[in-house]
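Colleague: Below are the features listed in Swiss-Prot for this protein:
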- E1290: active site, proton acceptor (ACT_SITE)
- C47, C52, C55, C77: [2Fe-2S] cluster 1 binding site (BINDING)
- C117, C120, C152, C154: [2Fe-2S] cluster 2 binding site (BINDING)
- 283-290, F363, 373-377, D386, L430, K448: FAD binding site (BINDING)
- Q796, F827, R941, A1108: Mo-molybdopterin binding site (BINDING)
- E831, R909, F943, T1039: substrate binding site (BINDING)
- 8-95: domain '2Fe-2S ferredoxin-type' (DOMAIN)
- 255-440: domain 'FAD-binding PCMH-type' (DOMAIN)
Amino acid sequence: MAPPETGDELVFFVNGKKVVEKDVDPETTLLTYLRRKLGLCGTKLGCGEGGCGACTVMISKYDPFQKKILHHTANACLFPICALHHVAVTTVEGIGNTKSRLHPAQERIAKSHGSQCGFCTPGIVMSMYTLLRNKPKPKMEDIEDAFQGNLCRCTGYRPILEGYRTFAVDSNCCGKAANGTGCCHSKGENSMNGGCCGGKANGPGCCMNEKENVTMMSSSLFDSSEFQPLDPTQEPIFPPELMTQRNKEQKQVCFKGERVMWIQPTTLQELVALKSQYPNAKLVVGNTEVGIEMRLKNMLYPVILAPAWIPEMNAVQQTETGITFGAACTLSSVEEVLRKAVAELPSYKTEIFQAALEQLRWFAGPQIRNVAALGGNIMTASPISDLNPVLMASGSKLTLISMEGKRTVMMDEKFFTGYRKTIVKPEEVLLSVEIPYSKEGEYFSAFKQAYRREDDIAIVTCGMRVLFQHGTSRVQEVKLSYGGMAPTTILALKTCRELAGRDWNEKLLQDACRLLAGEMDLSPSAPGGMVEFRRTLTLSFFFKFYLTVLQKLSKDQNGPNNLCEPVPPNYISATELFHKDPIASTQLFQEVPRGQLVEDTVGRPLVHLSAAKQACGEAVYCDDIPHYENELYLTLVTSTQAHAKILSIDASEAQSVPGFVCFVSAKDVPGSNITGIANDETVFAEDVVTCVGHIIGAVIADTQEHSRRAAKAVKIKYEELKPIVTIQEAIEQQSFIKPIKRIKKGDVNKGFEESDHILEGEMHIGGQEHFYLETHCTLAVPKGEDGEMELFVSTQNLMKTQEFTASALGVPSNRIVVRVKRMGGGFGGKETRNTILTTVVAVAAFKTGRPVRCMLDRDEDMLISGGRHPFLGRYKVGFMKNGKIKSLEVSYYSNGGNSADLSHGVMDRALLHLDNSYNIPNVSIMGFICKTNLSSNTAFRGFGGPQGMMIAECWMSDLARKCGLPPEEVRKINLYHEGDLTHFNQKLEGFTLRRCWDECLSSSNYHARKKLIEEFNKQNRWKKRGMCIIPTKFGISFTVPFLNQAGALVHVYTDGSVLLTHGGTEMGQGLHTKMIQVASRSLGIPTSKIYISETSTNTVPNTSPTAASVSADINGMAVHNACQTILKRLEPIKQSNLKGSWEDWIKTAYENCISLSATGFYRIPDVGYNFETNKGKPFHYFSYGVACSEVEIDCLTGDHKNIRTDIVMDVGTSLNPAIDIGQIEGAFVQGIGLFTMEELRYSPEGNLYTRGPGMYKIPAFGDIPTEFYVSLLRDCPNSKAIYSSKAVGEPPLFLSASVFYAIKDAIYSAREDSGVTEPFRLDSPATPERIRNACVDTFTKMCPSAEPGTFKPWSVRA
């Protein structure tokens, strides 16, 4: 049946309302339609590739085959609008709102402090809501599994899980608050105990609470009894019209767009005929692969066929030989069928099913599994597919159909013919897949190693099957299939042939590994890199398979018990997977003093004031601002070369794209093209580009889609120049950004002479992508007169945004108004680098005279905006036999990228934190900023401090080994004391670190657990545990003195309501909430009377960036100052009417012509430091903390599990314990990413490979410590900040180094088992590759690395 000349009508429902779309473009995603056409902006764009879950919605449809309504989550960023025909969509706006009532899924995440920046919150809410629709009484495991496809960069996940635990039927496991104080999960060796009162030190029930004038400790951040109950009967009904429609006979529909035609046939005959007519058409079910190809790889498929309605392609049939799945069956439905089969069939028949289920468990996230088809997974022919090795090793059969009829092919070594190619003919359709039952005497396993367990693509994956001759341990047949070892999924044919007929014993293992090492060879330059690691994994996986089978053979009652060797007891754990235990956590904080007024919220765990709006999708972010009628969209044109001369720019082809308006470049800048913190950057590149992603121009068009297409059509010719990419290359070529900083204290040479030992070494710390969920966004609105322009920007730095824009436009700063309501995360990434986008958008708005908007796609944002500086530290440390440090000489090298930006400040802080928390009498340090051809690196939470301290802990760890002393003892004897001078000669006052250290040692039960770890390691050869306790000392202040200032503006209106404005921006850290708490106490009124609308340059001028963790300090003092001014004016009125209310006093003041508006100002006194003289005071005060972490590693794969973390943190007298604990946990988990997971990978030519969540992995829900305990140090007021508080944003991040060094501790145990005892180098992050390669053993020795310099690597370390 040929498609009609005109398109059909698309009919679907959104939040219960019918939508009829007569003009639909198949290239439009559901996300775009929701946001642009329906104005439903609660659904967010986080990545555009289905990797973050910010766009999660619920899809509901009536299944006529099962005769029931099905609800499932999906990623709206990939879901094609055309796939919604006769489907219902529910978005976060459709389940509850702040005007009427919140749904329990919204209320609980808000009130449990699970929303910080809030950008990810709607997606998480919808994942929870969909789970509740399907399972109103879920288990905790169901809840954790539901979030596999959701990411959060702010919270550290713990409060989200705690809030949603209240839905779980197994939450109250022992009749008490689950995992709170007194829960059974918190008892025993792993409880947060120690110290006084039988393990209740510092907590509720501690003897300290009985003392006079001592406030109590609390572990309750929210009261679950206040939550409204879930009532499943009150959920919206499924549209009856859709049930009626699906029961009717369906007809083929067709939708035509500008470039793509979408045809949805209803019968197999129609589909086969269409595939014959359009042999190159793509079949799409979930669009999870094709959608990414079209957006990120610039692919175009003019015809798309959607087989989702065809009964035969959705059918599931159990036969005598296996289960046959229609090719359009989703992975979730396959999972459901296999799980049922495993539960019902004899276990010997389900070996393959069990392995497939294990692979499916970690296959993407639920949002992808719910829509992605089994057939699509096969036909995509990805060489790193999780399922294809299972299907190949199992001997699965595929049925193909075309106009010529059906044929069945085996999924064997002949099926994949090349990269992304199969034997399937263009006109053929994959109809079904048969996964066979396993036989008696047949065993099957599947393995996968990735950077992250949840929602990650494989590095290497495999399926392994062995069939034994009946009644023996002799191999009849073996199939070993690998992904990630070639351009296709492959079988180790030679190895399989050699193993047939052999007995399953140690000799077979040795020969198999030798054969695999030869057969699974890789070129040192192989795409994907990690060659040594990948080769070793092939052997490690087989070893695991060998042990697993051996174990099953010996346990099989009917098997040849006497014919196989038993598995050695210390090897058994190698066969066990890391399992997920329910999270256990406690948060301890000091309650407010007895007698504090109820309306005084300072010190109370007040919920983030935007949390409810964020949970309902009502909070407005930059790209949520309604579109102007004449608005245009901008897409950047960036360099594809790291270093090159621009020979020509040709935008002529772009002009032919529909909707094209203009192209802007350097010649269109009306003011100065020079920009940047150090005036060493340009708005647009002119003659030379100095990094991939360097902005050359921009295309402006009527829609985002048109501007994207036009931007891709711009042609640029280059003359390539040699780039500098790595720190090592910069050192060799002496490419440094001057000046080079130094600090000297004492006599280093004399210190070395007096030392018993001298240790030299180096450590590299990789960079880190900010991965704020909201990418950079700007909306520029020209006002039409005198060069005025209004900018809505996602920025931490209004002043520089205003200044740089004014410079580019050639107008004074007073013509530019910058507004920021909130950001979807920042972490330093929006302190300066937003300006490279904002100035471009402003120039475009100036040229066109119309509003212009741009929100970067995730891949663009990661490419151009820079991140945390990679560091190399080279050290020489002298120390005594007892571990006491005498002398330190260090050189730090950072990779600054192609401009200075904030690199000097980052290096300054690194130099000032080289000591971490240790008193070193003699110090000499130099800091070099490498100028390279990468996008300029910039501020990131910690701002150089974590890198400086990480290198300190590297030599501290190694010297403890050298001395043969416990690391915790060596660390403690080197800790500062009260009154000591740092290496930059600042006196330590109010030094609480030793209190934090002692309490953390006690509460973590450190010494008892250390003995248990030693015992565990003796009993396990291939799994090892490690533990480490790490301190931190973090200086608080901008190191640029003039930035330590802030302003505020307070307006009081005649009804008594207060409008508060200050110079800080809200990015999820709760700054606005804290400022309202400060104003509330200062004015003596409830927080409900105070409101913050936004931060803007026309209310508070010359604002310092919201950075350096000082924003609450400086803005809080400025707010307090403004409030005190108003109170002083009100004092006479209050005295004359002592019984009056606030409203009475305000009305009287107004009638007496007393100003009810006041500005406030504050500057930090007496800060400033001179590197030349090593004199001054760079910091106002210090924040302190200690963390103890325990991990377990898999020595065979490099995988690791975070078992437990205890943190004790000094935050002074907390302004808001919930926000402060949230910052501690969020920073810690972000640090886990920095030190164990997140790795930026570049080509030798400087091209960034890791441009999205597909290849760049931040921690997910399953990566946080299973036991996570945080305690705020009690009774430690800080006289130097507002209401005795302390900064909290950055200081906790470095504590996650405890995880890194716990991993290193575990690796030491593995190496000792191999007879290797000397200190070793472990660079950061401790990825599975580095962990596995460091656990030297027989397998690693069989896969040696190629000699550096003899090959060109696929990737380099910047």
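Note: Cβ is positioned from N, Cα and C throughout, glycine not excepted.
What's the neighbourhood like for these features in this structure?
Modeller: Cβ environment of E1290 (active site, proton acceptor): R941, G942, F943, G945, F1034, A1108, S1109, A1227 lie under 8 Å away, each six or more residues apart in the same chain.
Spatially close to C77 ([2Fe-2S] cluster 1 binding site) yet at least six residues away along the chain are T29, L31, L45, G46, C47, G48, E49, G50, C55, judged by Cβ distances under 8 angstroms.
In the three-state DSSP assignment, the secondary structure recorded for C152 ([2Fe-2S] cluster 2 binding site) is coil.
According to DSSP, G376 (FAD binding site) sits within a helical segment.
Over all protein chains present, the Cβ of R941 (Mo-molybdopterin binding site) has 27 other Cβ atoms lying within 10 Å. Annotation note: R941 (Mo-molybdopterin binding site) sits in a coil segment as assigned by DSSP.
Counting only same-chain residues six or more apart in sequence, the Cβ atoms lying under 8 angstroms from the Cβ of E831 (substrate binding site) belong to T795, Q796, N797, L902, T938, A939, P1105, T1106, A1107.
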Colleague: Whole-number answer please: how many Å between the C-alpha atoms of F827 (Mo-molybdopterin binding site) and A373 (FAD binding site)?
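Modeller: Spelling it out, the Cα of F827 (Mo-molybdopterin binding site) and the Cα of A373 (FAD binding site) are 37 Å apart.
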Colleague: Return only the integer: C-alpha distance in Å from L283 (FAD binding site) to C120 ([2Fe-2S] cluster 2 binding site).
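Modeller: Cα of L283 (FAD binding site) to Cα of C120 ([2Fe-2S] cluster 2 binding site) measures 31 Å after rounding.
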Colleague: Out of C52, C120, C154, which of these binding-site residues is nearest G376 (FAD binding site) by C-alpha distance?
Modeller: C52
Colleague: Sequence order is fine: just name those binding-site residues in C52, E289, L430, R909, T1039 with a Cα within 10 angstroms of C120 ([2Fe-2S] cluster 2 binding site).
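Modeller: Checking each Cα against C120 ([2Fe-2S] cluster 2 binding site), the hits are C52.
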Colleague: Given the binding-site residues E289, L430, T1039, state which is nearest to C117 ([2Fe-2S] cluster 2 binding site) when distance is taken between Cα atoms.
Modeller: T1039
Colleague: To the nearest whole angstrom, what is the C-alpha distance linking L430 (FAD binding site) and T1039 (substrate binding site)?
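Modeller: That comes out at 63 Å between the alpha carbons.
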Colleague: What average pLDDT is reported by the model for the domain 'FAD-binding PCMH-type' (255-440)?
Modeller: 96
Colleague: Of all the binding-site residues given, namely C152, C154, G286, E289, A373, which is spatially nearest to R909 (substrate binding site) at the Cα level?
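Modeller: So, of the listed binding-site residues, the one sitting closest to R909 (substrate binding site) is C154.
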Colleague: With C154 ([2Fe-2S] cluster 2 binding site) as the reference Cα, tell me which of the binding-site residues G286, E289, A373, T1039 is the closest one.
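Modeller: If we rank G286, E289, A373, T1039 by Cα distance to C154 ([2Fe-2S] cluster 2 binding site), first place goes to T1039.
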Colleague: Kindly report the helix/strand/coil residue split of the domain '2Fe-2S ferredoxin-type' (8-95) according to DSSP, in that order.
Modeller: 15 helix, 31 strand, 42 coil
Colleague: For F943 (substrate binding site), list the number of other Cβ atoms lying within 10 Å of its Cβ atom.
Modeller: 28
Colleague: Anything within 10 Å of C52 ([2Fe-2S] cluster 1 binding site)? Look among the binding-site residues C152, G286, A373, T1039, comparing CA atoms, and list what you find.
Modeller: C152
Colleague: What residues, ordered by sequence, lie under 8 A Cβ-to-Cβ from T1039 (substrate binding site) and sit at least six positions away in the same chain?
Modeller: G905, D908, R909, L912, Y1169, P1178
